[in-house]
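Engineer: Got a structure for you, written out below as structure tokens; questions coming shortly.
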Amino acid sequence: MERACEKQDSVCNLVAVFENNRTPGEAPGSHSLEDQPHSPEHQLSLSPEPWEAPPVKEALKSEFRPVSRTYLSSLKNKLSSGAWRRSCQPGVSPGPETQEPEEKRVVRELLETEQAYVARLHLLDQVFFQELLREAGRSKAFPEDVVKLIFSNISSIYRFHAQFFLPELQRRVDDWAATPRIGDVIQKLAPFLKMYSEYVKNFERAAELLATWMDKSQPFQEVVTRIQCSEASSSLTLQHHMLEPVQRIPRYELLLKEYVQKLPAQAPDLEDAQRALDMIFSAAQHSNAAIAEMERLQGLWDVYQRLGLEDDIVDPSNTLLREGPVLKISFRRSDPMERYLVLFNNMLLYCVPRVLQVGAQFQVRTRIDVAGMKVRELTDAEFPHSFLVSGKQRTLELQARSRDEMVSWMQACQAAIDQVEKRSETFKAAVQGPQGDTQEPKPQVEELGLRAPQWVRDKMVTMCMRCQEPFNALTRRRHHCRACGYVVCAKCSDYRAELKYDSNRPNRVCLTCYTFLTGNVLPQGKEDKRRGILEKEASAAPEQSLVCSFLQLIGDKCSRSLPRSWCVIPRDDPLVLYVYAAPQDTKAHTSIPLLGYQVISGPQGDPRVFQLQQSGQQYTFKAESVELQGRWVTAIKRAASGRTPEGPDEEDVSD
């Protein structure tokens, strides 16, 4: 019967906590612990008004540093550290060895730390909070709303612990001989610990406001400093006291975990204590989630500020996945340019640094939607660690500073792509239902005009990729087809077609893409002419060649070295060596039938040099490495003897 009465009193106390919330105009001391009806053991020995002492000049000069978000997030990693728990309890020291059970010693430690914690809450709510509110109303030197933002919902937390949990815990310890259990008490506490999430989320903002107004308002600083110098504050700063509620839930979890470990296997409180531990763990996770959400929003805000707070990118629901500098490979310039990428869960922002670092740090040049984006590694000897990002809006060739950085960027992009595709598939399955179409969609073979192409770099070609006429700076300049990315001359790109990836705006396209996109018949006189013997595309050679690479042709007179050329032995014409001015040229400037040639390796004492000789004709080539020279010599010897790689005993020398 007595136990039932105790439970009824506990519920009444709990209801009173939330029915008697203080209003802004309420008297400052109307809910102090001294007014509560619990036993003398619960009374807190606080000096009545120590903060009324005259201001201390030295204390006014002290600096207050805001608690960083990094330090706040580190609290999540300390849940299992017993040493951390003990270091946070300077006023609690283990007493002499007694004969009481170990689980009771843990409960007594929980009670002692709870008493000290409620004293800190009383100091925060009834002293700091009320004194600052009174000063704000009297002097109008700082807004009352600022004070309320700094202390958040500390009043609810204080009343809950002072009027409900501490009295319940005290009664249970006093009656331990008759009721050796606390699991049921903790279970009553656990659901209300979620109120800490609001306090934790507001903590960093509160610390910033406190630091700001300590510098900005002299009356604000004087009130805080007077209280900090008092005996009740133990010479600790307000920020130190404000951190206690953030640390309290991890301490509950540590103490309760130790209590469960000390309980005997047949203890009547074991089941309730384990259930209470699970509930405390859930509350700790809830608090950690609040910290993570606060960090996410703060990180988003920092990025948005550096990008100039543009309306079309600012969205609090976004998730920042990765950001950092990269090098942009230009299709016109030989040296890559410094750029900055910001990857969100739904878009990739391609940014350029601003010349004047006033306000925004970067300017968003292109936004690429993750939906439909593709990423792959590029095999480019001139630009190592390079990768391609192809989106509907634009295709970018990028270079990282190391292979690890390149892999990290590619993995981050691919993870974002996979997540978007997974959500899309889930949505389609929900719309179609179990009776929906189960056939796998056929991949779209032709994406011409639907997504931005990869542009061929200017220096990779020396002639128009459509008409094979050589470029020059005056009469035949380079242009890019916006549909296929080929480098073409003005005559071959004098057409306009609407491209879907560019919001159906007319763009310069080549004749071939114009015909495909519009369906119009080729204009008279524009039909493709018959291919000549040298018109074998070099762009297809790396995938369809026995061997291909840059070779330097050494002249006969005075060993004069000519510019290096792109040389290919095609699979479909394995007895001929084609020499191109650039890798993407559609027409070779020289072809050498290899049948009957004699191959001499290293004629000039250089292991990278080899020579072709036949009937007074002589060609001397220099490879970029000894290994590459060996591959060329093997392939040419095979071709010179009339053998082709289709035989079963022949070896393919291509990579």
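Keep in mind that glycine also has a Cβ here, set from the backbone N, Cα and C atoms.
So Swiss-Prot has the following annotated:
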- 102-290: domain 'DH' (DOMAIN)
- 319-418: domain 'PH 1' (DOMAIN)
- 458-518: zinc finger (ZN_FING)
- Cys464, Cys467, Cys489, Cys492: Zn(2+) 1 binding site (BINDING)
- Cys481, Cys484, Cys510, Cys513: Zn(2+) 2 binding site (BINDING)
- Thr644: phosphothreonine (MOD_RES)
Engineer: Who sits close to Cys464 (Zn(2+) 1 binding site): which same-chain residues at least 6 apart have their Cβ under 8 Å from its Cβ?
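Structural biologist: Sequence-distant Cβ neighbours: Pro470, Phe471, Arg476, Val487, Val488, Cys489, Cys492, Thr586.
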Engineer: Based on Cβ atoms within 10 Å, give me the single least packed residue among the binding-site residues Cys481, Cys489, Cys513.
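Structural biologist: With the binding-site residues Cys481, Cys489, Cys513, fewest surrounding Cβ atoms within 10 Å: Cys489.
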Engineer: Quick check: with Cys464, Cys467, Cys489, Cys492 left out, which same-chain residues have Cβ atoms within 8 Å of the centroid of the Zn(2+) 1 site Cβ atoms?
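Structural biologist: Filtered neighbour residues, in order: Met463, Met465, Arg466, Gln468, Glu469, Arg476, Val488, Ala490, Lys491, Ser493, Cys510.
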Engineer: Treating G and I as helix alongside H, and B as strand alongside E, what does DSSP give for the zinc finger (458-518) in helix, strand and coil?
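Structural biologist: Residue counts for the zinc finger (458-518) by secondary structure: 14 helix, 18 strand, 29 coil.
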Engineer: Could you tell me which of these binding-site residues, Cys467, Cys484, Cys492, Cys510, has the greatest number of Cβ atoms within 10 Å of its own Cβ?
Structural biologist: Cys510
Engineer: For the recorded Zn(2+) 2 site, enumerate neighbouring residues of the same chain (Cβ within 8 Å of the Cβ centroid of Cys481, Cys484, Cys510, Cys513, site residues themselves excluded), in sequence order.
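Structural biologist: Residues close to the Zn(2+) 2 site, other than Cys481, Cys484, Cys510, Cys513: Leu448, Arg466, Arg482, Ala483, Gly485, Tyr486, Val488, Ser493, Val509, Leu511, Thr512, Tyr514.
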Engineer: Any idea what the Cα distance is from Cys467 (Zn(2+) 1 binding site) over to Cys484 (Zn(2+) 2 binding site), rounded to a whole Å?
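Structural biologist: Per the Cα atoms, Cys467 (Zn(2+) 1 binding site) and Cys484 (Zn(2+) 2 binding site) stand 15 Å apart.
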Engineer: How does the model score the domain 'DH' (102-290) in terms of mean pLDDT?
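Structural biologist: Here the mean pLDDT over the domain 'DH' (102-290) amounts to 89.
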Engineer: Which residue counts does DSSP yield for the domain 'PH 1' (319-418) in the helix, strand and coil classes, in that order?
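Structural biologist: So the counts come to 16 helix, 46 strand, 38 coil.
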